[in-house]
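Engineer: A single structure is presented below for examination.
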Amino acid sequence: MVLRQELLVGFFLLSFCLPGSCNLVLDVQHKFKGREKTPNELRSHDVRRHGRLLSIVDLELGGNGHPAETGIGLGTPPNDYYVQVDTGSDVLWVNCMGCSNCPEKSDIGVELRLFDPKGSSTAKFITCDQSSCSAMYGGGTIRDCKPDMLCKYTIIYGDGSATSGDFVKDYIHLQQAVGNHQTTVTNGSIEFGCAAKQSGELGTSSEALDGIIGFGQANSSIISQLAASGKVKKIFAHCLDSVSGGGIFAIGDVVEPTVKTTPVIPHQVHYNVVLNGVKVGETTLDLPVGLFETEYRREAIIDSGTTLAYLPGHIYHPLMQKILGAQPGLKLHTVDHQFTCFKYDENVDDGFPLVTLLFVESLILIVYPHEYLFQIRDDMWCVGWQNSGTQSRDGREVTLLGDLVLQNKFIYYNLENQTIGWIEYNCTSGIKLREEKSGKIYTVGAHRLSSAASIIEIGRLLPLLLAFTLFFIQ
């Protein structure tokens, strides 16, 4: 198995409904699916991401966020854009016409496009004296606001990258679910950032896309805007399949599968939960006394935009010792200066132990050997667990759980009651969501959306076949 990276959505078309509830579907792709990547490429991707992720992000007038991946369709007439989906980012922004230092090409094969507000008959810039501008920043007073001054944003990431521009309101288009595996096109309006300037990595062609869409908890995020308008519940979920690249991304009241949950740590930039312990096989790791005495030391970040999984040294070292101790005869090699690799020609699930992460409220997350080990050739395997202290620029030790441990699991974010949960699941099968007004339950399946726009391979991007469903409520 070759590790995958991030979600890429095609034709992200968002909608508001007329009185009465409706259900919406989004086709998405998985970035780099089908393309083998070296260990160094996997790590380099995470280095770029974590420079943004592991930092405080400053919005000029308040709020915070950081990036991940998706794609969208905007304007009238609509044009398609490819953007990053990020569970830790709060703002949807796209590169706009006249942007300074915006990338002109991408090394992942997508055709980049600049959004042109003048080319859309429904685009309107938001001014700082409008209530919607204030709402984007928590409802506070906007400093030095004058009549007709545009509502601006600036996001500065930890790696020095930055994006800035103005907020725009325009139509965004989506597939509306009207029954089991049935959709029709609809559209509506939403506020997003129109980027006028990029710097750092955001201005390079490396993995470049048209922008970023945030699913964080701030008022400026897509899910917060929709929830504030009464159109959706503040609940979403995703499920990524490691074999076919299929899966589901949904917003709404999921009734099947049911999941056990753990509380989200309040007042955090990211989706943080409390880690209580770690087991390797049947052995609970003997961690230092006092390690889990404070919530701060126990925080684990859940991040679907990260490829690997990062652990503090006091967890990483005993964990690696137990895993590799299961096969004492292995000849270990270091690949790309950081990955522990070895030759092994048998079934890794039979030869290596399960890793179980233990969370508050008795929630567990089981990681199988075929998930935490990845192949770089037929008989060569590398360990995906990483020491966060040696990998981060500032030496900060964090627990960061990415695709490595999230694949093949249905991950459920319920921001209405501040919980996250998960369950092992066949991510290519359907899920069931309840329509709030009528109480009807619809099945959403990644491969059977009869009206959804087809997903076309673009360059090295292969179909993810995710269904992104929004259940609007009144």
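A Cβ is built for glycine as well, from the same backbone N, Cα and C atoms used for every other residue.
Copying in the features that TrEMBL gives for the protein in this structure:
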- 1-22: signal peptide (SIGNAL)
- 68-423: domain 'Peptidase A1' (DOMAIN)
- ASP86: active site (ACT_SITE)
- ASP303: active site (ACT_SITE)
- CYS341-CYS382: disulfide bond (DISULFID)
Engineer: Compared by Cα position, which of the recorded positions ASP303, CYS341, CYS382 is the closest one to ASP86 (active site)?
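Structural biologist: Answer for the nearest of the recorded positions: ASP303.
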Engineer: In whole Å, note down how far the CA of ASP303 (active site) lies from the CA of CYS341 (disulfide bond).
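Structural biologist: Given the Cα positions, CYS341 (disulfide bond) is 25 Å from ASP303 (active site).
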Engineer: What's the number of neighbouring CB atoms sitting within 10 A of the CB on ASP86 (active site)?
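Structural biologist: I get 30 for this one.
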Engineer: Measure from the CA atom of CYS382 (disulfide bond) to the CA atom of ASP303 (active site) and give the result in Å, rounded to a whole number.
Structural biologist: 21
Engineer: For a quick check of packing: other C-beta atoms within 10 Å of the C-beta of CYS382 (disulfide bond), how many?
Structural biologist: 22
Engineer: State the count of C-beta atoms found within 10 angstroms of the C-beta of CYS341 (disulfide bond), not counting that atom itself.
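Structural biologist: There are 22 such Cβ atoms around CYS341 (disulfide bond).
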